[in-house]
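Working notes, structure below.
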């Protein structure tokens, strides 16, 4: 119990603040996403109209798919930049593009799922077609199925994006054996808080692997969980 308390309240004290910031940025990203959808709906073609025919089928990519992909790109870029400069303060660590493309790539999984959810909600042949709800008659913005479909897909895909980021972080840790210079992703401290040291700094993969090995050794030596004298050991920097 003592070791658990130490881990939560000492080792992770910096991570709680980062998690709060990460949540604030994520919330602002939702607003950015919704705003882009609103602009596209106001300035663009009818959202339910066909945009790009799918060869060999009777189906088309609809304008709401285009709107959603554009909103994703803008909101994802917004989240990345604000997280980079404010949440994780990594602007001077790695190049902008070097961190951006992995950040974008993890979001693509959620985007694909989100497009599927939106299609199910806005396609007239779907059993969960939103226009079946009499209240959603497009008479006002609040009654527009497009906005509700976009909000629903955001709620559905948020946990998916979190899981993908966590798996990505674990993959980076495992990649140490193949690439000693492998770097942990920017969001590692939030999705995998064990990757942060007591000073709030993100560990290198070498440091993280060494730290986890030390924890495993301590657990084997003290199966009942008492904390060794002197507190928890941290891996030495460098080397």
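Positions of Cβ are set from backbone N, Cα and C atoms, glycine also.
TrEMBL: automatically predicted annotations, no manual curation.
Annotation source TrEMBL lists transmembrane segment at 20-39 (among others).
Residues or ranges marked as domain 'GtrA/DPMS transmembrane' in TrEMBL: 21-170. Helix, strand and coil residue tallies for the domain 'GtrA/DPMS transmembrane' (21-170), in that order: 107 helix, 7 strand, 36 coil [DSSP].
Annotation comment: TrEMBL describes 59-79 (among others) as transmembrane segment.
Per TrEMBL, transmembrane segment is recorded for 100-125 (among others). Distant neighbours of the transmembrane segment (100-125): 47-48, 62, 64-65, 68-69, 72, 76-77, 80, 131, 145-146, 148-150, 152-154, 156-158, 160-161, 164-165, 168, 185-187; these residues of the same chain sit at least 6 beyond its ends, with a Cβ under 8 Å from one of its Cβ atoms.
Nonlocal intrachain contacts for the transmembrane segment (145-164), taken as residues 6+ away from its ends with a CB within less than 8 angstroms of a stretch CB, comprise 26, 30, 33-34, 37-38, 41, 47, 64, 67-68, 71, 106-107, 109-111, 113-115, 117-118, 121-122, 130-131, 133, 136, 138, 191. Annotation comment: TrEMBL describes 145-164 (among others) as transmembrane segment.
Residues or ranges marked as region 'Disordered' by TrEMBL: 210-239.
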